[in-house]
């Protein structure tokens, strides 16, 4: 289970590596700066596959039934997901690659705090040690970037770029924790279908407002077409596979695994873009893997809040509401509810 958890996370990192490489070719070799359009293609694919799947279902899992119950929640989640992608991509225009790599780690404490307060996840000492080791590995990689002079993307407004990264990382954290809750308590197809629906709608509006002129400047040919297809395939694979890995592990473990994505991109860049190599990159890679092994070696647990913990005891199915008069478990102590519990919904 330990090796499987680490391996699944590395599959996600390889998909992000593919996303980064295709984006780099599009922006630097063909001058196609279209981050919103690229995200729009992914949301359209999610819509065609998962939203249509929800549309043909029957009963409570039908698209219309889901929209009637919680459409506004998925609308907010869709906007958060769109803007998280946009802010981080936009930050590369203002700040350095090293700053983006380091500040993007801010998603980890965001996920930990949100998981603690909203998912009631509790961590042990070994988890925090693993997280610190992973972040040290990222610091080692950033130091190697400075030593070899890999400081692409430096702009005049570095503070703006850093704030964009922090904003994007915060939104990523919110999106990941919501995703974990949905795939554990509802379904993976529902999450992806709703993200595809609202993501297509709002990213289409953003595309029409912000990037319609950029699309006209793109020198369209078969090479650019293949790059867009490759980007969309990797992005679609990432979105489709991530809920599976989150359900198997957790949102925190997934974000720790994604720290190696920059290193995979670097190793590819050694051959494709002739990057300079440093032994610190290998040290960084193995340090992150050691941190992942430490974090995954022990399971987290869910706090037993007397009012809400039961819904997390059934992670593979829907939420089960038990009657208030049912027998309480010995590990749960009620101190102030008394007989009034029967009157609560």
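Each residue, glycine too, has its Cβ placed from N, Cα and C.
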Study note, to complete from the structure: As TrEMBL has it, transmembrane segment corresponds, among 189-210, 321-342, to residues 189-210
Review point. So which range, 5-27, 281-303, gets flagged transmembrane segment in TrEMBL?
Key: 281-303
**Study point:** Long-range Cβ neighbours of the transmembrane segment (101-121) (under 8 Å; 6 or more residues past either end)
**Key:** 88, 131, 134-135, 138-139, 141-142, 145, 162, 165-166, 168-170, 172-174, 176-177, 180-181, 250-252, 255-256, 259, 262, 300-303, 305, 308-309, 312
Check your understanding: Looking at 128-147, 189-210, 222-241, 253-275, 281-303, which one has the highest count of Cβ pairs under 8 angstroms to the transmembrane segment (71-89)?
Key -> 189-210
Revision key, fill the gap. Top stretch by Cβ pairs under 8 Å to the transmembrane segment (222-241) (candidates 40-59, 189-210, 253-275) is 40-59
Revision key, fill the gap. Taking the transmembrane segment (281-303) as reference, the highest number of CB pairs under 8 angstroms among 40-59, 128-147, 189-210, 253-275 goes to 128-147
Check your understanding: Under 8 Å, at least three CB pairs between the transmembrane segment (253-275) and the transmembrane segment (40-59) (pairs 6 or more apart)?
Key -> no
